[in-house]
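Notes follow the structure.
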Amino acid sequence: MEYQVIIPAAGSGKRMGAGRNKLFIEVAGRPVILHTLDVFASDLYCKKIILAIQPNDESQFRNILAGHPGNGKIAYVYGGDERQHSVYNGLKAAGGQIILVHDGARPFIRQHTISRLVQAAHDNGAAIAAVPVKDTIKRADRNQVVETVDRSGLWQIQTPQAFRLPILMSAHEQAKEQGYVGTDEASLVEKAGQPVMIIESDYDNIKLTTPEDLYFAEAILAKRRNLG
Ligand SMILES: Nc1ccn([C@@H]2O[C@H](COP(=O)(O)OP(=O)(O)OP(=O)(O)O)[C@@H](O)[C@H]2O)c(=O)n1
Ligand SMILES: C[C@](O)(CO)[C@H](O)COP(=O)(O)O
């Protein structure tokens with residue numbers, strides 16, 4: 001089933017502390033963004049990649065992506081101050097029935113997860129990648145525990161997040177009218193009253209956020225090379 005994907009890539013990487021867009025950092029000798037785009041480039045059902053970037057990163061992105069197999073599918077839009085604004089700018093360039101949003105900082109997404117998300121979004125309207133929480137979660141007030149959260153129903157949410165395009169567009173427009181900023185697309189869609197399905201992903205689908213994540217990234221790629 002055909003789909004388009006928005007890749008938010010306009011962040012500043014403050015928590016990474018690299019002093020530049022973390023998607024330009026090399027892992028196994030290649031910039032993070034190339035790893036992220038690989039699966040969408042090779043997926044014949046992926047008809048368009050909408051890359052949301054900062055204007056001052058444009059020449060570097062274009063140079064890095066010039067030789068990538070997915071380059072012919074890429075449309076560039078400028079991002080905004082918040083991730084949500086970057087995604088909304090991407091939505092305005094999107095078409096077709098199914099739209100995915102996938103963090104540029106998540107380079108290890110698998111094809112079979114994407115395929116399941118696309119089908120679930122077609123069937124149900126909205127579907128997101130997630131893995132069960134492994135740690136005990138507690139709520140604290142000024143570092144003092146006030147509540148232990150029942151872990152049985154908790155999921156660690158990832159991207160891709162997949163939607164029928166009108167559902168996501170409407171949710172973003174409602175959030176804009178209400179001045180609501182969420183940390184993922186699903187929170188906007190939930191707020192609009194649309195059920196959201198969870199599709200179990202895998203623990204390799206990490207978001208490269210802090211420097212430690214780069215060690216994990218090298219290990220994930222080494223594992224995949226060894227598995228062939
Ligand atoms: N205004 C923004 C903020 C983030 N992103 C993108 O959204 C993804 C997930 O965001 P995050 O990991 O938080 O990236 P940064 O915002 O760059 O990180 P930080 O919060 O540490 O600055 C990243 O691919 C990032 O480039 C974006 O397109 N536009
Ligand atoms: C969308 C997301 O990756 C789901 O876990 C996450 O909310 C992004 O958060 P960030 O702070 O913008 O990286």
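Keep in mind that glycine also has a Cβ here, set from the backbone N, Cα and C atoms.
Features as listed in TrEMBL:
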- Arg15: site 'Transition state stabilizer' (SITE)
- Lys22: site 'Transition state stabilizer' (SITE)
- Arg151: site 'Positions MEP for the nucleophilic attack' (SITE)
- Lys207: site 'Positions MEP for the nucleophilic attack' (SITE)
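On the structure: features taken from TrEMBL.
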{"residue": "Arg15", "record": "site 'Transition state stabilizer'", "Cβ neighbours (10 Å)": "13"}
{"residue": "Lys22", "record": "site 'Transition state stabilizer'", "Cβ neighbours (10 Å)": "26"}
{"residue": "Arg151", "record": "site 'Positions MEP for the nucleophilic attack'", "Cβ neighbours (10 Å)": "12"}
{"residue": "Lys207", "record": "site 'Positions MEP for the nucleophilic attack'", "Cβ neighbours (10 Å)": "14"}
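With a CB cut-off of under 6 A applied against ligand 2, none of the recorded sites Arg15, Lys22, Arg151 are retained.
Under the DSSP three-state reduction, Arg15 (site 'Transition state stabilizer') is assigned to coil, being neither helix nor strand.
Separation of the C-alpha atoms of Arg15 (site 'Transition state stabilizer') and Arg151 (site 'Positions MEP for the nucleophilic attack'): 27 Å, rounded to the nearest whole number. A distance of 11 Å separates the Cα atom of Lys207 (site 'Positions MEP for the nucleophilic attack') from that of Lys22 (site 'Transition state stabilizer').
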